[in-house]
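Asks: Below you will find the structure I want to go over with you.
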Amino acid sequence: MLNVVILAAGLGKRMQSDLPKVLHSLAGKPMLEHVLDSASQLEPGRIVVVVGHGADRVRGAYEGRAGLSFALQQPQQGTGHAVQQAVPLLQEDGKDDVTLVLYGDVPLVQPDTLRRLLQARGQGAAVLTELLDDATGYGRIVRNEQGQVQRIVEHKDASEAERAIREVNTGILAAPTGRLKDWLSRIDNNNAQGEYYLTDVVGLAVADGVPVGAAQPSAGWETLGVNSRVQQAELERRWQQEQARRQLEAGVTLADPARFDVRGTLTCGRDVFIDVGCVFEGKVELADGVRVGPHCVLRDVSVGAGTHIDAYSHVQQATVGRDARIGPYARLRPGASLGDRTHVGNFVEIKNSVLDADSKANHLAYIGDADIGARVNVGAGTITCNYDGANKHRTIIEDDAFIGSDTQLVAPVRVGRGATLGAGTTLTRDAPAGQLTVSRARQTTIEGWQRPQKKS
């Protein structure tokens with residue numbers, strides 16, 4: 001049975017914020033959520049989050065998440081004391097029970113690294129370590145002449161010889177659950193900080209004859225913690241650099257990898273091109289040959305092969321077919337579904353609407369709550385008037401219709417197949433198929449009329 005304990009009780013004073021530190025965002029989601037997602041991939045029997053400062057807000061953010069429990073650390077008296085608060089919630093079934101300790105402000109540790117750590121422990125304990133050129137402030141890994149881990153000494157408690165050690169403790173640890181409970185009951189706060197150190201369980205394990213293994217992360221950024229806005233920004237950049245590297249290695253062309261942000265997951269086909277300043281949020285899928293112009297924002301979208309999305313377009317919770325042309329300055333809102341070879345041009349907004357294959361809305365239009373068939377032309381300035389002040393109503397435009405410029409369609413209303421609406425029409429009743437419908441006032445010329453002149 002695998003238990004995961006995530007320490008998330010810290011104040012985060014240097015963040016200069018009322019928001020609990022672990023709820024601050026990294027790559028589009030709270031730091032704690034990154035840790036929860038990585039832990040969940042290990043399929044633990046239970047995850048316990050130890051909360052303290054801002055406990056109610058942290059609980060409120062994740063209370064409904066399956067398999068999650070909370071323990072309160074009050075007051076905060078060190079990492080060992082924090083894990084002690086989780087002890088009553090740890091589960092054991094007698095089958096290789098193990099507890100993994102993670103940190104809510106170390107958000108980017110990867111599941112593969114955690115799997116290696118669990119393997120490294122064998123039947124004993126294991127710590128995740130790292131080699132640093134400058135180890136100032138970190139706990140040092142002290143090994144014996146045979147290279148076996150003996151203990152961890154915190155920087156403030158270390159001798160000069162121990163401070164010369166480059167291998168440091170990341171704080172992440174795995175240990176047999178039953179033995180961990182025993183070791184936690186035996187640690188004390190006889191140290192420079194006056195706190196109960198989780199690291200002391202390593203020395204207790206060695207004293208009890210329990211082997212302590214070690215593993216290293218695949219990349220140094222995995223174990224970087226966040227204690228300030230500066231560190232948050234630095235880690236954000238490191239993570240975005242990693243995202244860019246992965247996309248480049250997968251064959252995506254990035255106009256500038258330094259100006260590229262993924263705040264979720266981005267899946268790309270072959271020969272995708274992404275220009276500068278683009279942001280991808282949630283789950284985004286780009287098929288083969290998609291081109292995304294500069295400064296676009298895509299959130300929870302699927303884009304078909306060969307589609308071009310031009311500059312400054314925003315696409316959210318929408319689907320776009322093959323070989324479509326979107327933008328520049330287009331906005332697709334939730335529920336927009338565009339078919340193959342559709343065109344949505346500058347300053348066109350589409351919400352909760354279907355635009356079937358080969359239909360076009362190239363200029364200055366609002367299409368909301370509409371079902372538009374194939375090969376429809378929507379003229380500039382067209383508006384579907386979908387809201388009556390209380391309820392939304394749908395507009396239906398059948399195949400091959402032509403909607404003239406500056407037209408208002410007052411829903412609920414239907415435009416029949418092949419119908420034409422004259423420019424300036426305000427449509428309040430259904431337009432019959434194959435006919436021209438016009439509702440604007442008749443043009444009049446007043447002969448002899450003179451424009452008023454200013455009085456001198």
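Each residue, glycine too, has its Cβ placed from N, Cα and C.
For reference, Swiss-Prot lists these features for the protein:
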- HIS363: active site, proton acceptor (ACT_SITE)
- 7-10, LYS21, GLN73, 78-79, 103-105, GLY139, GLU154, ASN169, ASN227, ARG333, LYS351, TYR366, ASN377: UDP-N-acetyl-alpha-D-glucosamine binding site (BINDING)
- ASP105, ASN227: Mg(2+) binding site (BINDING)
- ALA380, ASN386, TYR387, SER405, ALA423, ARG440: acetyl-CoA binding site (BINDING)
- 1-229: region 'Pyrophosphorylase' (REGION)
- 230-250: region 'Linker' (REGION)
- 251-456: region 'N-acetyltransferase' (REGION)
Asks: Same-chain residues six or more away whose CB lies under 8 A from the CB of ALA380 (acetyl-CoA binding site)?
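Replies: The answer is ASN362, HIS363, LEU364, ALA365, SER405, ASP406.
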Asks: Under 8 Å between C-beta atoms and at least six apart in sequence, can you list the same-chain neighbours of GLY104 (UDP-N-acetyl-alpha-D-glucosamine binding site), or say none if there are none?
Replies: ILE6, LEU7, ALA8, GLY10, LYS21, VAL22, MET31, LEU32, VAL35, VAL49
Asks: Using CB atoms and a 10 A radius, I'd like the single residue among the binding-site residues ASP105, GLU154 with the highest neighbour count.
Replies: ASP105
Asks: Given TYR387 (acetyl-CoA binding site) and ARG333 (UDP-N-acetyl-alpha-D-glucosamine binding site), what distance in Å do their CA atoms have, once rounded to a whole number?
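Replies: Rounded to the nearest whole number, the Cα-Cα distance is 16 Å.
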Asks: If you count other C-beta atoms within 10 angstroms, which of the binding-site residues LEU7, ALA423 is the most crowded?
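Replies: When each Cβ's neighbours within 10 Å are tallied, LEU7 leads.
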Asks: Below 8 Å Cβ to Cβ and six or more residues apart, same chain only. Which residues does that give for GLY78 (UDP-N-acetyl-alpha-D-glucosamine binding site)?
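Replies: GLY78 (UDP-N-acetyl-alpha-D-glucosamine binding site) has long-range Cβ partners ASN189, GLN193, GLU195, TYR196, TYR197, LEU198.
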Asks: Reported as an integer number of Å, what is the Cα distance between ASN227 (Mg(2+) binding site) and GLU154 (UDP-N-acetyl-alpha-D-glucosamine binding site)?
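Replies: Cα to Cα, ASN227 (Mg(2+) binding site) and GLU154 (UDP-N-acetyl-alpha-D-glucosamine binding site) are separated by 18 Å.
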Asks: Does anything in the same chain, at least 6 positions from ASN386 (acetyl-CoA binding site), have a Cβ under 8 Å from its Cβ, and if so what?
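Replies: Set apart from ASN386 (acetyl-CoA binding site) by at least 6 residues yet with Cβ under 8 Å, we have GLY368, ASP369, ALA370, LYS392, HIS393, ARG394, THR395, ALA411.
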Asks: Can you tell which of the recorded positions (ARG333, HIS363, ARG440) has the fewest other C-beta atoms within 10 angstroms of its C-beta?
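Replies: Counting other Cβ atoms within 10 Å of each of the recorded positions ARG333, HIS363, ARG440, the minimum falls on ARG440.
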Asks: So if I draw a 10 Å sphere around the Cβ of ASN377 (UDP-N-acetyl-alpha-D-glucosamine binding site), how many other Cβ atoms end up inside it?
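Replies: Result for ASN377 (UDP-N-acetyl-alpha-D-glucosamine binding site): 17 neighbouring Cβ atoms inside 10 Å.
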Asks: In whole Å, note down how far the CA of ASP105 (Mg(2+) binding site) lies from the CA of GLU154 (UDP-N-acetyl-alpha-D-glucosamine binding site).
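Replies: Cα to Cα, GLU154 (UDP-N-acetyl-alpha-D-glucosamine binding site) and ASP105 (Mg(2+) binding site) are separated by 19 Å.
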Asks: On the 0 to 100 scale, where does the mean pLDDT of the region 'Pyrophosphorylase' (1-229) fall?
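Replies: Residues in the region 'Pyrophosphorylase' (1-229) carry a mean pLDDT of 95 in this prediction.
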Asks: Based on Cα distances to ALA423 (acetyl-CoA binding site), point out the closest of the binding-site residues ASP105, ARG333, ASN377.
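Replies: Checking each of ASP105, ARG333, ASN377 against ALA423 (acetyl-CoA binding site), the shortest Cα distance is to ASN377.
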